[in-house]
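According to Swiss-Prot, the features are:
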BINDING   Cys29, Cys210, His235, Glu239  Zn(2+) binding site
MOTIF     31-41  motif ''HIGH' region'
MOTIF     267-271  motif ''KMSKS' region'
BINDING   Lys270  ATP binding site
Amino acid sequence: MALRFYNTLSQQVEEFTPASDNTVRMYTCGPTVYDFAHIGNFRTFTFVDLLRKVLRANGFQLNHVMNITDVDDKIIRNAVAQHQSLEQYTKIYTEAFLEDCKMLRLERPERIAPATEHIHDMVSAIERLGDSQHTYASDGSVYFKIASFPGYGKLSHNDFSGNLAGARVDVDEYEKADARDFALWKTPKEGEPFWDTTIGPGRPGWHIECSVMAIKYLGETLDIHAGGIDLVFPHHENEIAQSESLTGKLFSRFWLHAEFLMVEGQKMSKSLGNYYTLRDLVAKGYEPESIRYLLASVPYRKSLNFTLDGLKAARIAIERLRNFKRRLETEPFAEGLSAILAERTAQASQAFIGGLNEDLNTAEALASVFEYVRDLNSAMDSGEFRAGNTTAALEFLARFDSIFDVLKPTAKAGELSDAEIDAQIAARAAAKKSRDFALADQIRDQLLAQGIILEDTKSGVRWKRK
């Protein structure tokens with residue numbers, strides 16, 4: 001079953017294979033560490049994590065580089081305002097970001113590349129761009145001449161040929177209407193940090209950082225470059241201009257971009273009170289796996305409306321899957337094998353990977369999982385399920401969780417573990433056997449008070465969390 005992605009560059013869904021050998025050379029834009037990352041950021045980072053896992057599920061090896069932008073306009077402004085060095089300021093938020101990634105179960109890329117560790121490489125690249133007549137200097141800064149690169153606009157599919165030659169933009173982020181020659185190297189303002197280099201004192205512009213680190217670690221042509229939709233212009237457009245001017249080769253074969261996230265139907269904003277970091281939501285009692293599930297549940301090219309009700313629904317969905325897994329592991333089924341259910345498991349597995357392979361259609365993949373769970377729960381209730389079907393069903397769930405990674409609960413202070421619940425159920429069974437019904441009822445009530453619901457069935461006791 002072919003793996004296909006929508007390529008922003010071609011505006012088409014294309015079959016994907018690496019350019020050479022079996023290794024995917026992938027670069028993704030990481031955080032700008034000027035503050036705690038918010039859930040809009042983590043929508044993109046969760047998409048990248050799913051992308052990694054789907055690539056691996058298709059048998060590919062990964063060489064994935066993610067940058068850390070630890071010098072840019074916002075960082076410098078905030079560090080200066082707080083009277084901290086650049087290193088002191090960014091260390092706080094870099095460590096916080098990595099902790100949040102771990103909490104959200106995001107795999108660590110093969111290489112994390114902080115921009116400030118590559119200043120010499122950036123200066124060298126700027127000098128080479130100057131040697132090939134792609135730059136000019138003005139007031140101590142160095143700018144890229146967008147008129148020197150005929151392909152400028154091919155990623156965002158805009159025509160910038162009529163832009164005024166020599167007009168400049170100094171900020172890192174700007175709109176298409178303000179497309180101008182952009183800064184590769186910025187002369188420092190009074191009080192700002194800077195590096196003394198062969199092209200003068202200053203610091204790099206945002207866009208040159210990613211070009212240089214991507215080429216250094218992955219080569220002149222990447223297989224995949226991914227990020228948020230907001231980076232298509234100017235950041236990724238400028239990366240292409242710089243990189244292809246440096247190498248004369250296609251910078252990346254595939255460009256993948258995750259759509260925006262809304263919160264309660266509105267743009268996320270601190271002024272609206274709907275601005276959430278991962279830490280905000282966890283402090284409110286929402287489990288990281290519920291947040292991960294909600295972020296992953298909508299296909300990456302569709303806008304996601306993130307709501308607190310959606311988080312509650314995500315928890316219910318996850319508990320349904322956990323309860324199904326628990327039934328498979330604990331209920332005594334009749335011996336034998338149902339050929340019909342074996343075929344149903346094979347169909348579900350094919351539908352699951354088929355959805356993911358069609359441009360990471362997570363909604364279709366999840367639908368196949370829940371239809372399967374419904375069918376097998378019905379088979380268990382009717383007595384059709386056989387012990388010989390258990391292993392394949394558990395393997396299917398494991399395959400699901402190797403991508404979505406939500407089945408293992410995050411430990412909470414004071415919350416009973418599965419093993420503790422099973423021990424209480426065993427104690428209740430022993431009390432009932434010895435006809436101590438008062439103790440059995442007491443154990444049941446204590447479990448209920450802790451959010452555990454017991455259900456007595458013909459095949460034994462089932463339990464689930466509220």
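Yeah, the Cβs are placed from backbone N, Cα and C, and that goes for glycine too.
Features recorded in Swiss-Prot, as mapped to the structure shown.
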residue: Cys29; record: Zn(2+) binding site; contacts (Cβ under 8 Å, 6+ apart): Met66, Asn67, Thr69, Cys210, Ala226, Gly227, Gly228, Leu231, His235
residue: Glu239; record: Zn(2+) binding site; contacts (Cβ under 8 Å, 6+ apart): His207, Cys210, Ser211, Ala214, His225, Phe251
residue: Lys270; record: ATP binding site; contacts (Cβ under 8 Å, 6+ apart): none
So, by DSSP, how many helix, strand and coil residues make up the motif ''KMSKS' region' (267-271)?
0 helix, 1 strand, 4 coil
Per DSSP, three-state class assigned to Cys210 (Zn(2+) binding site):
helix
Environment of Cys29, Cys210, His235, Glu239, the listed Zn(2+) site - residues of the same chain whose CB lies within 8 A of the CB centroid:
Asn67, Trp206, His207, Glu209, Ser211, His225, Gly227, Leu231, His236, Asn238
Count up the helix, strand and coil residues in the motif ''HIGH' region' (31-41) according to DSSP, in that order.
3 helix, 2 strand, 6 coil
Which entry in the list of binding-site residues, Cys210, His235, has its Cβ near the fewest other Cβ atoms, using 10 Å as the limit?
His235
